């Protein structure tokens, strides 16, 4: 289901824009679709034809996503394993301070070497309704005032659906435009489309290195955009929305934590409307990467910050509960496959 399908269905039942808006807002808040207001009951507002169909519509919306399991973290986050109607699984993460990280694809085609999600490749796109449904689900647990498209998938590879979801969340969803964050490895279509939108979200760009050849190895299927060019594109968007770009940098010991990288960061970030997020690597099973030790990370932050680069350390939420993107899903899929194998042997 796409969000447009819901609107068209309600309109066909005789719902006016104000009716559709109220029903949509109730869904986005994780409330029953027939929720009224303090001053007006549903039966005095919605047409009878719409009210009669609401139970069936609610059942379809509830079927979009289902909580498979919840995994609270020591940092106040909670990782949600979410099952879709076709039994595929994605991850959402409730973040401290009323944030929610959602997925835009099942799997991912970019194939970042340090990311579990990319190891499965792209399995399918999420519809705009499936993305918004993750927000509705999250709001059943706690308030959600910020939504970041940083879960499984590359939003630029599902651009129409992601932009449709962002538009609804930034209007009927009641989320401030700067509290909607579009995260991408960098794609020319993103820089063309985002400035044209009614809701223009904040932007996070996966940089990870200042070395173009190294970036190609780390992000093998990302568009071939030189880091310097990527930052120029980001800068233009930052100035247009008057909000800084977040540049993501997954810290890999001995790979992108050198003094040369830091000096290049100083050069590229000079005068930029930007924030650098250093993300210590979250180890996967049987991989070849490690995070730098804590002392080295502190040195990097102090060096960059003291020279004018606003630098923050962002640990993956819920590191104690398979915190790296895609790890929870990978373990669940492995358990399902193992169970099927055992059954086939009996």
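One-based numbering along the chain as shown.
Quick reminder: no glycine exception, Cβ is built from N, Cα and C everywhere.
Per Swiss-Prot, the features are as follows:
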- 91: active site, proton acceptor (ACT_SITE)
- 325: active site, S-methylcysteine intermediate (ACT_SITE)
- 108, 112, 115: [4Fe-4S] cluster binding site (BINDING)
- 153, 154, 183, 206, 207, 208, 282: S-adenosyl-L-methionine binding site (BINDING)
- 101-325: disulfide bond (DISULFID)
- 94-320: domain 'Radical SAM core' (DOMAIN)
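The binding-site residues near residue 108 ([4Fe-4S] cluster binding site), taking a 10 angstroms Cα-Cα threshold over the set 153, 154, 206, 208, are 153, 154. The two recorded residues residue 112 ([4Fe-4S] cluster binding site) and residue 153 (S-adenosyl-L-methionine binding site) have their Cα atoms spaced 11 Å from each other.
With the fewest other Cβ atoms inside 10 Å of its Cβ, the least crowded of the binding-site residues 108, 115 in this structure is 115. The Cα of residue 101 (disulfide bond) lies closest to that of 91, out of the recorded positions 91, 115, 183, 207, 282. When the recorded positions 101, 112, 207 are compared by the number of other C-beta atoms lying within 10 angstroms of their own C-beta, 112 comes out lowest. In three-state terms derived from DSSP, residue 208 (S-adenosyl-L-methionine binding site) belongs to neither a helical nor a strand segment and is classed as coil. Taking every pair among 153, 154, 183, 206, 207, 208, 282, the residues listed as contacting S-adenosyl-L-methionine, the largest Cα to Cα separation comes to 19 Å.
In this structure, the C-alpha atom of residue 282 (S-adenosyl-L-methionine binding site) lies 16 angstrom from that of residue 91 (active site, proton acceptor).
Within 10 Å of the C-beta of residue 282 (S-adenosyl-L-methionine binding site) we count 21 further C-beta atoms, all protein chains included. For the pair residue 207 (S-adenosyl-L-methionine binding site) and residue 115 ([4Fe-4S] cluster binding site), the C-alpha distance works out to 14 angstrom. Distance between Cα atoms for residue 208 (S-adenosyl-L-methionine binding site) and residue 115 ([4Fe-4S] cluster binding site): 13 Å, as a whole number.
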